[in-house]
Structures are given as structure tokens and as C-alpha cells.
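Participant: Pulled these from TrEMBL:
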TRANSMEM  5-22  transmembrane segment
TRANSMEM  28-48  transmembrane segment
TRANSMEM  64-88  transmembrane segment
TRANSMEM  100-122  transmembrane segment
DOMAIN    144-219  domain 'Signal transduction histidine kinase internal region'
């Protein structure tokens, strides 16, 4: 942009020089004038587009200042061209001046029309590329979600079956084992029927099923969920919270000497959803990301490039995971 403005300034200086000092060189003047006209249209469009949003939100003083500058510029150009025209009338025959102005008008009109057609064609091509880019991103996101589900489901199934075997080995009652397997089958049905993207309300409902199953297995375990109503309809990739909750149970709740508690909270702020999953386990000096957590992070970034996944942990204080993504419905 600075290069174009610099060229425009140089052309304006040459233009003024030709007007007053070399008035006989009409051909060179026509070239410079045409260059000025065409580039001024393009640069004016760019400047208005760049500053338009700022002017809408600007104060009255700033708007008055810009308007005053515009009036001064228009009056100055009008005075300049009026002075030039009077000078040419004194130096050139009317026929010569008329032919020159007509030729300049025809050439300038042709170039402006060409500029307009080129702009429209370029804009349509850019819009087409943007649409294709969005479609490609959507296809890529859908593929990554499918891969995530294909990897998560067997992992979850393996852990669930291992839990059932452990309950048998520990001599749990048949009624407790039966309740666990019934709830597990309902959870699997919900997992298999889940779309790639659904609402946070649906995701929390699935997490509740999973936590209820874990409560059957772990007698000293409970959970609390607090989701603000305005967050329930927000979109989120399906099954994305389960690996985090599972990680909190395995590395937090089961290793705690006290009664384990998992707290899930979500609120909306500045157009983003901030969701936290916290356990009261032993914590650690650092987070070790397994395959499940890494998949969650990759999927969240694919869903929303501005999203964040933050871990907070310290020995004796448990672990807290924050998910932040754009609130879309």
C-alpha cells in the first residue's frame, strides 16, 4: 500500500509540473493524468474500505476532521483544475483542447470500465476460492472427528471391559455388575449414535452417563456439574470431554486418599465458552499428555483454530483442565 501511495505522490508532482511548466506536451500529460485517475479510484476504494469501519465508530470530532479534510481536498483540486483550464484556454485553440479532453475522457472511461470488470472478476474468483477453502476445512474437520471417534471408541471399550473384569475379580455383587453392564450398554448406544458435532448439553448428558457408571465402580467418588443455561446450546465436537474426565478419574480420583470429586463448570464470556474439569486428586508437578489428551487437543483446534486447552496441576492440589472455544450455535 505504501508503494502505491508513493507512486501516486510522484505522479502528482509530475502532473503538476507538466500542467504549469510543460503545457505543450499533451501526450505525456495524458499518460500521467490517466495513471492518476485510474489509481486514484483504486486507492480511494481501498482507503475507504480500510478506514470505513473506524469512521463508523469514531467520535464526532474525528468525523468532523475527516470531513473538513475532504472538503479542503475537493476545493483544492477544483481550484487547481480551474486554474489549469483557464491557462490552457489562453495557450491552446479551443479545437485542440476539445479534442484532447475528449480523447482523455474516452481513454479514462475505458480504463475505469476495465478496472471495474477486473475487480468484479477478481472478487468472484476470491469468493470462489474462499468457499472451496471452507469446504476443504469442513471436510478435513469431519475426517479428523471420524478418526478421533474410531480411536476413542475402542480405547473406551477396552477400558470399560477391563473395569468389568476387575469388578468380577474383586468379588462385586452380581446386581452391581449387572447395573454396570446395563448402564454401559446405554452409554455405548449413545456413543454410536452421536453425530460429529452436537450441543454442549448433549455432551454433558453423555459425560453424566459415564460418571454414573464410574460411581457404581468407585464407592468413594462423586461429581458436580454446573453449566450456565446460555452454554447448553453451543456446538462442540462429540465425545471430546470423555477422555479428559476419564484421565481425571484414572490419574486423580483413584489415586486420592480422600473421597474423589470431579467438578465440571461452564460459562460464556466475551463470545467464548470457558469449560473447566477439575479433580481433587494428588496432582503432579507436570502434565503428561497421553494419546487421548493429544487427540482432544488436535480435535479442538480443528473445530476452532482460536480454541485453547490449558492444564493446571500441582502436587497435592489436584488437576484442572480448561477448554475455551468460540460459542457457535
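The backbone N, Cα and C atoms fix where each Cβ goes, and this holds for glycine too.
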Participant: Across the domain 'Signal transduction histidine kinase internal region' (144-219), what is the average pLDDT of the model, as a whole number?
Facilitator: 78
Participant: Of the residues in the domain 'Signal transduction histidine kinase internal region' (144-219), how many are helix, strand and coil by DSSP?
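Facilitator: Split into helix, strand and coil, the domain 'Signal transduction histidine kinase internal region' (144-219) gives 64 helix, 3 strand, 9 coil.
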